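Working notes for the structure below.
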Amino acid sequence: MRTSLVLLACVGFVQSLGRVPLSRLPSVRSRLRAANQLDEFLREHQPDVFSRRYAQCYPAAQHYLRMDGRSTERLYNFMDAQFFGQISLGKPEQNFTVVFDTGSTDLWVPSSYCVSQACAMHHKFKAFESSTYAHDGRVFGIHYGSGHLLGVMAREELKVGSVTVQNQVFGEAVYEPGFTFVLAQFDGVLGLGFPQLAEELGSPVFDSMIEQGLLDEPVFSFYLKNNGSSFGGELLFGGVDETRFVSPINWVPVTQKGYWQIRLDVVKVQGALSFCYRSTQGCQAVVDTGTSLIGGPARDVLLLQQFIGATPTAVGEYLVDCVRISSLPVVSFLINNVEYSLTGEQYIRRETLNDKEICFSGFQSIDVPSPVGPVWILGDVFLSQFYSIYDRALRAAERCSYLTELR
């Protein structure tokens with residue numbers, strides 16, 4: 001049982017839910033470390049190396065390859081992605097493992113025509129085998145830290161759990177950048193952000209579900225479980241699972257639609273160190289299931305790492321002595337006057353390497369440029385401790401009042 005965090009509005013319980021089991025697998029970073037290849041990989045695959053090296057090769061008129069604006073502000077951290085679920089496209093069904101990502105909006109999977117090494121390692125969509133496939137004709141490009149994902153757009157029947165979406169726009173990737181995608185244990189990404197964040201791929205999946213009347217409520221919710229097992233929790237479309245959290249439900253208004261962005265009143269470390277308190281507006285935070293760690297402005301996170309006694313490594317990670325975990329300070333996030341606290345056991349990541357346990361800080365520096373930044377990123381280290389609910393209802397106040405009487 002855990003506390004709940006509701007974004008935008010309070011929600012009710014519905015009779016029918018689209019339930020998607022999530023699996024938890026070792027991240028790309030963990031696999032590279034186990035193979036003693038992490039140092040070399042990070043030296044050879046610095047963020048944006050593809051963009052810096054090859055951007056000039058593309059015509060300036062191709063605006064979908066632009067290097068400025070929101071397309072460069074992706075909050076992905078695929079090297080650390082661990083929570084995945086399954087979807088299917090077409091008739092007969094073709095199955096794909098995807099990251100369900102609240103930090104993006106588009107849906108894409110590899111195409112059978114993809115020329116990248118990464119595509120050879122994953123399931124590829126075969127348009128010619130599906131009776132419900134419709135070619136769109138447009139091209140798309142999504143900018144990631146390691147380069148541009150390129151492809152063509154199409155429409156297809158999509159199945160997510162027990163929910164079937166007709167004529168869903170999605171991207172068929174024909175080029176996937178970076179070696180990260182080669183090692184990734186997922187085929188594609190299903191974005192769950194607001195339509196304003198879409199990279200021109202048409203109606204997002206969740207919006208399609210709402211428009212087609214497939215959900216009793218415009219709500220989805222995540223239960224992430226980070227206990228070392230392969231069971232990663234579940235994603236529910238259309239409502240919440242009341243057995244997964246402790247009441248009451250705490251709702252938080254979205255401050256800007258795009259990412260699931262909220263106000264973060266203050267970040268406290270054992271009451272002795274605080275961030276965001278200098279501003280009457282607090283800080284901005286993005287709730288992002290596509291990012292593993294908790295990110296924040298570099299200056300603040302560096303102080304936080306020092307305060308918990310974390311020491312930097314040559315590859316930018318921070319180590320903590322495993323025997324000290326039980327004595328580490330509590331880190332708290334005050335959101336809409338509700339305090340969400342993490343103990344050392346909850347914000348430290350444990351891994352075993354050569355039969356030796358190593359412990360890493362769950363915090364990382366992420367300097368997101370304006371106009372989006374600076375922001376804190378509440379990734380899976382945070383979300384695996386709290387049940388999160390995402391509500392797209394327009395009449396939040398009315399729904400809240402009604403549910404108070406029912407509960």
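Each residue, glycine too, has its Cβ placed from N, Cα and C.
Listed features, source TrEMBL:
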- 1-16: signal peptide (SIGNAL)
- 83-403: domain 'Peptidase A1' (DOMAIN)
- Asp101: active site (ACT_SITE)
- Cys114-Cys119: disulfide bond (DISULFID)
- Cys276-Cys283: disulfide bond (DISULFID)
- Asp288: active site (ACT_SITE)
- Cys322-Cys359: disulfide bond (DISULFID)
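The disulfide-bonded residues considered are Cys119, Cys322, Cys359; of these, Cys322 has the fewest other C-beta atoms within 10 angstroms of its C-beta.
The active-site residues in question are Asp101, Asp288, and the one with the fewest Cβ neighbours inside 10 Å is Asp101. Cys119 (disulfide bond) has Asp101 as its nearest neighbour among the recorded positions Asp101, Cys276, Cys283, Asp288, Cys359, going by CA to CA distance. Considering only the recorded positions Asp101, Cys114, Cys322, Cys359, Cys283 (disulfide bond) has Asp101 as its nearest partner by CA-CA distance. On a Cα basis, Cys114 (disulfide bond) lies 28 Å away from Asp288 (active site). Cβ neighbours of Cys114 (disulfide bond) (same chain, under 8 Å, six or more residues apart in sequence): Ala120, Lys124, Gly151, Glu172, Ala173, Val174, Tyr175, Glu176. All chains included, 22 other C-beta atoms sit within 10 angstroms of the C-beta of Cys283 (disulfide bond). Counting only the Cα atoms, the space from Cys359 (disulfide bond) to Cys276 (disulfide bond) is about 27 angstrom. Rounded to a whole number, the C-alpha distance linking Cys322 (disulfide bond) with Cys276 (disulfide bond) is 29 angstrom.
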